[in-house]
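For Gly7, Ala8, Gly9, Leu10, Ala11, Gly12, the entry in Swiss-Prot reads FAD binding site.
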Amino acid sequence: MIVNVIGAGLAGSEVAYNLGKRGIRVRLFEMRPKKMTEVHKTGYFAELVCSNSLKSEDITNAEGLLKAEMKLMGSITLEAAEKARVPSGKALAVDRNIFAKEVTEAIESLESVEVIREEVTEFDPEEGLWVVATGPATSDGLFSFLRNLLGDDFLFFFDAVSPIVTFESIDMEHAFWGDRFGKGKDYINCPLTDGEYEELWKALVEAEVIEMEDFDRKLLFERCQPIEEIARSGKDALRYGPLRPTGLVDPRTGKEPYAVVQLRREDKEGRFYSLVGFQTRLKWNEQKRVLRKIPCLRNAEIVRYGVMHRNVYINSPKLLDIFFRLKKQPNIFFAGQITGVEGYMESAASGIYVAYNVYRILKGLSPLKLPEETMMGALFSYIIEKVEGDLKPMYANFGLLPPLKTRVKDKFGKRKKLAERAIEAMRKFLEEYPW
């Protein structure tokens, strides 16, 4: 049987790669570059449209634990990320183009995967096995088809991305290199005095934004709040939030600045840097004006402006079973952010999980839940089985895991034990039920 995968984002790429490398025939549909979305820039698979950071690799961080589990199951996302890595302190950050190119080439090299560069606006639900992994920027044509198939069980939220500037346009006379608490020198830090901070805050509060249809502040995703919305919540909100100076010492003064705008490398050559936590929906001319309030960015060349977009996802607890299959048509799977998981790694992990169970089904075996002691198992169980009311997008966090049998007072020690238990549970599971 051929597995039809719609969408070559992180989740769809994991499905296609993990099945294709095991000899399963896959047809992977991707409409880009023939038809682009409002947030994508290339035709590569697994293009990262928000941040270039894949977050922590430390297992005492929920994102790090998730990666450790994904490595055990096998992940093209993490294989490509290693080849595209750029310096970013304790976080795993990548050169977007190298990363997406690595994923694309790995999938296109598989003989059992046929890549079809066409938009899918409909398909026969009765024919074959389908995996819908079109992400939050699902095209209007397919969205209409899915709405007819699923009913009105669609939800949405808004998120935004940050501007990117060229390194050569950053005035390093007004900036310094360093990570928090002296743990590296991978970030460019733009210190602000109290007067400069107030000027920036006022500019953000007063700036004009791009109006969006159906926009509702209650639907802003918490990890991608536009910086102007944070600014409007209070004068000090930014310097206790994305512009906090904690652990950053300006070598010119020997002190922590009043506030700091951090810049993170976007590419291996270090030509481009993004503003950390500076997601925005300001009009483009306003973004220019606001950035000029930051001393080291007074002459910055903006190569990508911040934008906001609406993300669509389905009401998974109502529509899907624990294996991410449609309850009423179990030959149709969903994977990625369209299911309500939030985050790059979470999306990729859901693709691995779907691929694992599709593989089992095609081999005549029953699909399996992952252990709830694992971050992957706990996240997917939450999305499908434990939500009360409408689903809100959920990302990996230690609060999803069942408690330890013995109490550990120290937060770090507790997370370490939870992580060790999760990794051991995943190892045992894969030993008993391998691909």
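Even glycines carry a Cβ here, placed using N, Cα and C.
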Taking the mean position of the Cβ atoms of Gly7, Ala8, Gly9, Leu10, Ala11, Gly12 as the FAD site, which residues outside that list, in the same chain, have a Cβ no more than 8 Å away, listed in sequence order?
Val5, Ser13, Glu14, Val15, Phe45, Ala46, Ala133, Thr134, Gly135, Ala335, Gly336, Ser347, Gly351
Restricting to the chain of Ala8 (FAD binding site) and a gap of 6 or more, list residues whose Cβ falls under 8 Å of its Cβ, or answer none.
Ala16, Leu28, Phe29, Glu30, Arg32, Phe45, Ala46, Thr104, Ile107, Val115, Ala133
List the same-chain residues at least 6 positions away in sequence whose Cβ sits under 8 Å from the Cβ of Gly9 (FAD binding site), in sequence order, or say none.
Phe45, Ala46, Glu47, Ala133, Thr134, Gly135, Gly336, Gln337, Ser347
Spatial neighbours, same chain, of Ala11 (FAD binding site) - Cβ under 8 Å, 6+ residues apart
Ala133, Gly135, Ala335, Gly336, Gln337, Ser347, Ala348, Ser350, Gly351, Val354
Gly7 (FAD binding site): tally of other CB atoms within 10 A of its CB
30
